[in-house]
Structures are given as structure tokens and as C-alpha cells.
Amino acid sequence: MAKKTATKPTKKSATQDELAEKPVEELTEDEAASELARLAAEIAHHDALYYQKDDPEVSDADYDALRLRNEAIEARFPGLIREDSPAKRVGAAPADGFAKVTHAVPMLSLGNVFDDDGVREFVDRIRRFLGLDADVALAFTTEPKIDGLSIGLRYEGGRLVQAATRGDGYVGENVTANVLTIGDIPKQVKARDFPDPFEVRGEIYMSHSAFAALNAEQEKAGAKIFANPRNAAAGSLRQLDSSVTASRPLQFFAYAWGEAASLPADTQWGVYEAFAKWGFPLNPLATLTDSLDEMLGIYREIEEGRAGLDYDIDGVVYKLDRLDLQQRLGFVSRSPRWAIAHKFPAQKATTILRDIEIQVGRTGALTPVAKLEPVTVGGVVVQNATLHNEDEIARKDVRIGDTVILQRAGDVIPQILGPVLDKRPKSAKPFKFPTVCPACGSHAVREINPNTGKEDAVRRCTGGLICPAQRVERLKHFVSRNAFDIEGLGEKNIQAFYDEGLIQSPPDIFTLAARDAKAEEKLESREGWGPTSAQKLFDAIAARRNVSLDRFIYALGIRHVGEITGRLLARSYGTIDNFLKAMGEAAKDRDGDAFKDLDNIDGIGPTAASAIADFFGEPHNTEVIHDLLEEVKPKPLEAVDNASAVSGKTVVFTGTLEHMTRAEAKAQAERLGAKVAGSVSKNTDYVVAGPGAGSKLKNAKDLGVDVLTEGEWLKLIDQ
Ligand SMILES: NC(=O)c1ccc[n+]([C@@H]2O[C@H](COP(=O)([O-])OP(=O)(O)OC[C@H]3O[C@@H](n4cnc5c(N)ncnc54)[C@H](O)[C@@H]3O)[C@@H](O)[C@H]2O)c1
Ligand SMILES: [Zn+2]
């Protein structure tokens, strides 16, 4: 187990922050190298969140700014371009859980331009590359750039045999079972001229209406809310269970191809026509033109019609029509020379930030929401915008009363880019993020990630059992199968009893029968209930008054305490009284022995240890537990052998064991009443050291702890 170190948040050093702000022209070579390293790491981090988890933590605009800065620095210092430069990469490698598919033809990205000049240069560059004069007409297809995720569909003998995501462009994820559930995508193409094999490529997307319906359902179920239709489409497609994908309405447009035995035409447009004939959906706004002015005109038409479309688009893609010329032009780095995306500018507006409201989610996360003077951005009235989290507010230094710049990009939730400093009222003070939960008054804390030593961006309420924002979810967890497992008290009944005020917190469950006996309106007279079913429920509840200690601990819903940790805690502390006493002390003093012992339990990491101490440091929680214990007497996990020679002793195993695995040795020791710790301290009674034992053995010797061989240990426990 990783030892707990001083977990002060490691703040980015001022120099690194300053560096990030420095104009590219002023960077020294050393600074540029360090900036490029930082950008490579930061962009890789965002790519993993965006492409693998479908859960970005910064807006696309912020992400694009990182990429642009990387490009600018690379352009000035070409000698410093890194092997792992983000400019050379596409997407992210496949996530775990999916089989990998190597693309026969790489699936790359597209270059971007942001204005008419960019498009002009793109066309000029093509002419220069091909050595064509300005009077030679060049035809281009124009079509909306769909904001979804690309997919490669491989057909053999006309049958869809494999579907793969783009991944890192070379290796994608096999999502065939999921794609088979998408109605838009032909599973079999009978046409005789359909190439064999043939890989059709295009975009999978989710419509606005489907997205809104999905999020409404997710919210009802307390599940993850998707930031935008793109994330929802990607999250829905990249499911390990294809029945989940089947329940999400995904759609498809074809616009490209990969490996092909032959092609039905020698132009992009000709292939599109064949796609349509074979039954693949083509975007109805796609057209063909041979004039630059017309391309730009079409761009504007599509941009104007954008708000009326039922799906997100973020630009227009131009592709050179002739395939022989595409072939000659080829690719540069991560994009083709013969195609480009003309991106729409993000829609921006300024307005006044009236207030910052803190919402508490069902997991206790505190989210700041900007309350704005209503303003129209891109045809939509906006009154709320996300501020993501505490650090984001501080970084952007947005204050209540500020005039702020608002942006609605492909994202459905508008973003605040920053304040207009000239318009800042004198009275505006930096926003103080609350450290108590606005819903229940409990402490709200930021966890420390033990791997990075950094604070989690999210602040969470610790009042799990009493926080109204979290209560129902906690109650559902409390009665769930691996916790109290009360038959007849499932999620539906808990919700109903909660809504009616019958059960507000766990102790109420156990007073239900007594209250019902006195009540005028009895449970049995409710719709769907009767005397038998009511009595059955009361009996089921009564049967749980002696639930085992591990279930009891797990039921409390402490963050990072799952069933296994619940069991470890129950084993280590034996009785509820011991446990509560130790946790009370651990909560009071993070440097004290009680906390160290907790942190030392083999299998409990520093994150869980802190979360447990936070939980018991919150008086609201201990009050609920106190009330609960008036009703419930948790029983120790399993009879441990108190008469054994090692009962009550603390033992540490280290090195290789020969007669049993580490897990077996641990379980056996615990059965005999010993505590198994992960590291050696002055409280350790025995260290059992096998071959290869290292620092623990040394610590034991330094501290004068008894060191046993495996054989000596077995003798001691009489096995
Ligand atoms: N917020 C974040 O953390 C984060 C992280 C990574 C990427 N991003 C965002 O993702 C985007 C970059 O992703 P990218 O590398 O996939 O590039 P891209 O999405 O800008 O362009 C390439 C993609 O466009 C798609 N496309 C849609 N319609 C098309 C059409 N008609 N013809 C051809 N291709 C079409 C294809 O899937 C293709 O792979 C940016 O918008 C970026 O902001 C955001
Ligand atoms: Zn709360």
C-alpha cells in the first residue's frame, strides 16, 4: 500500500502559470521546451477524458486554445517538436474493455480554418501542390461537419462484419455488437456492384430531441448527465453492454470510406451517390460546386440554418471532388491535404453575472451555476451557465456583478469565458466558494488524489446521511442488496416513503412499524398494500436489526467504502463500539495513532482513509448513527477465535510466502483474531518475512518487532 505522505495540494508553481501566459514571441528556447512538455501532457490528459471517458472537464474552446498555443510554439521552434507532440496525434488509444481493431486504412482527422481567407489559402495550396493554374476549375463537395464520432463499417460479401471507432487513428475499438443496434446503418447490402470488401465511414450522432430525452431519463435515474449530444452519442456507442446502446437512439451519416476492393466512381460525389443508392444515409445538405464564392455562400447558408437543425454541426467540410487528385495530394501529419473543416465561430455575447448559485448533486458534488441577466446567444435565450468548479472560478477570476463573456459553442451548456475587466464594478469581490454544503450545512471537502497529491476539482458535501440533496440516494443504498437488504423495501418504495415523509433517514426505517401502529392512516390501507404485505415488510425490517457489522458499515454510504472495505473495517475493528471509538479519534486527529492504524490496514488506501475520517468528523453523520444504533445492533463479522495465540495481535506479511498466498495468510490470521496491517509500526507484534522481504523487514528490525519465518508463524498458530 502506498504510504500516506503529506498531502498538501501541490500547486502549480507560479513560474509555470506565468509561462503559460507569456506571448510565444517572448519565450526563450528553454521556456518553449518546457511549455511544449506541459502542453503535451495537458492535451493528452484532456484527450483521454474526452475520447475515452466521454466526459471532458474543459470546454472545447479552452481545449482548442491549448492546441493553438502548441502549434504556435512548434511553428516558432520547429527543432523542439516532440516525439509525442499533440499535433501529430489523433484522438486517443482504445479504452480498456473493448477489443482492438487495427484500421486497414488509418482514420485521421481534418485540418481547420476559421475564416474565408483560410478557405482561399486551402484552395491555393492545392493548386500549388498540383501545379494547376487559377483558371483550371476545381470541384469541391461541401457538407456540414457533424458533431458526433466517426465510425468505420466493414462489409464482407455485403454483410456488416465489423464496426470500429477511430481510436488513435490507427487502432480503434471494436463496437460491432453496438453498431448492429443502430437502425440507420444497413446490416446487409444486396447490390451486385457493392465492393467486397468495403469499409464505409461516417459519423454517428444523436439528435437534439433524443439527447434531451436521454438526459431527462438519466436525471430521473440519478445517472450521469451528458454535457452535449456528442458526448452522449460517444458514451452510448462505447458501452460494454449493447442493450444499453440499443436503448439510445443513434443515427448515422456516411461521408467517407476505408479499405475498398474497388470504387463505384472516380469522384467523391460519385461515391456519395452510390452510398445513397446502396441505402446509406447521406446528409441532405451535401452539395457539389466548382467555385470558391459558392463554397463560401453555402457555408453561410448552412450556418444560418444551423439553429433549425435537430443535430449539432460545428462547421462545413470541403473535399476536393476528384479522387485521383486526392490520391496525389495525400496526407500531412494527422489530416488530408485535399479536405478541410471550415469551423463556425463560437457564438458569443456579454451579459451581467447576477449571482453564483451552488447546486448539490446526488453524489454530494457542489457545482457552481452562473445566474445571468438573460441574453440571446445564437438564437437561444441563456440565463444559466456552468462555471465547472471552484478552481475555474478562481482561474478566470469571475466575480458577482461582473460583465462576463458568454459562449455557446457545440456545447449545449453555455460557458463563461471570463470577465470584461473594464466594466468591473468597484464592489466586486472574488467569489468565496462555500466550504459547507448549502443544502444541509455539513462540511464540504475536496479529496486529495493520492497518485498526484492534487486536490480533486470537485468539492463534496460530507453529510451523506442527512443531506436532503443526497438523502433518497443514500436511503436507496442503505436498503440495497449488499447493505441492509430489506425485502419489500426496494428503490420504488423508498422513494414513495421518502416523498411522503415516512422515511427521511435510516433510523426511520426501524421505527416505521411502531409509528404505523399508532397512525390513523395505516400502511395496509394504501393502494397496492394489504395487512399481509404490510406485516411482511415490518417482519423483514425487524429481521435486519442484527445485520452484520460489515454490511452496516457499507450501508452508511461513506465515499470510497465499498463492500470490500466495509469487510476490512469490520474485521479490523471487530465490534461497532470499537469501530466508532477509533473513527471518532481518527476524525479528530489525522496525525494520531487512530488515523495511522486506519490508514495502515492492508487494502485501505489513503483516499478511503481520509474519506472515512471526513465522514466521522461530521457531527450530523454521527448523530444519525447514534439514532440508528438505538434500533440496530450490528453483530461482529464472524466468530473469530479469541483463544488463539495471535488473537488481538497485529501482524505484517512481507516477502514471498511458500505455503499459501498472501490473501489466504491474511484471511487465516484474521480468522484467528489477528489484525493484518500493510506496514510496520511500533504497534506491530509480528512481521512474517518470506524470501525477498525488503524495507518492511528492515523497519521491523529497527523497531525491535519480532520477525518470524513463515514456518515459525505456522507453528505459532499451530497449523
Ligand atoms: N473539451 C475537451 O477536453 C476536448 C478534448 C479533445 C477534443 N476536443 C474537441 O474535439 C475536436 C477535435 O477532434 P478531432 O481531432 O476529431 O477533429 P474534428 O472533430 O475537429 O474533425 C475531424 C472529424 O470530423 C468528423 N466529421 C464530421 N462530419 C464530417 C464530414 N462531413 N466529413 C468528414 N469528417 C467529418 C470526423 O469524425 C472526423 O474525424 C475539437 O472540436 C476539440 O475542441 C475537446
Ligand atoms: Zn449536504
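Cβ atoms here come from the backbone N, Cα and C positions, even for glycine.
Automatic prediction, not curation, is the source of TrEMBL annotations.
Record features, source TrEMBL:
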- Lys145: active site, N6-AMP-lysine intermediate (ACT_SITE)
- Cys437, Cys440, Cys467: Zn(2+) binding site (BINDING)
- 1-11: compositional bias 'Basic residues' (COMPBIAS)
- 641-714: domain 'BRCT' (DOMAIN)
- 1-31: region 'Disordered' (REGION)
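Positions of TrEMBL features highlighted on the structure.
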| residue | record | Cβ contacts under 8 Å, 6 or more apart |
| --- | --- | --- |
| Lys145 | active site, N6-AMP-lysine intermediate | Leu110, Ile313, Asp314, Gly315, Val316, Val317, Ala341, Lys343 |
| Cys437 | Zn(2+) binding site | Val360, Gly364, Leu366, His443, Ala444, Cys461, Thr462, Gly463, Cys467, Ala469 |
| Cys440 | Zn(2+) binding site | Val360, Cys461, Gly463, Ile466, Cys467, Pro468, Ala469, His620 |
Q) Cys467 (Zn(2+) binding site) has how many other Cβ neighbours within 10 Å of its own Cβ? A) 25
Q. What are the DSSP helix, strand and coil residue counts for the domain 'BRCT' (641-714)?
A. 24 helix, 15 strand, 35 coil
**Q.** Contacting binding-site residues for ligand 1, chosen from Cys437, Cys440, Cys467 when the Cβ sits under 6 angstroms of any of its atoms
**A.** none
Q) Going by DSSP, is Cys437 (Zn(2+) binding site) part of a helix, a strand, or coil? A) coil
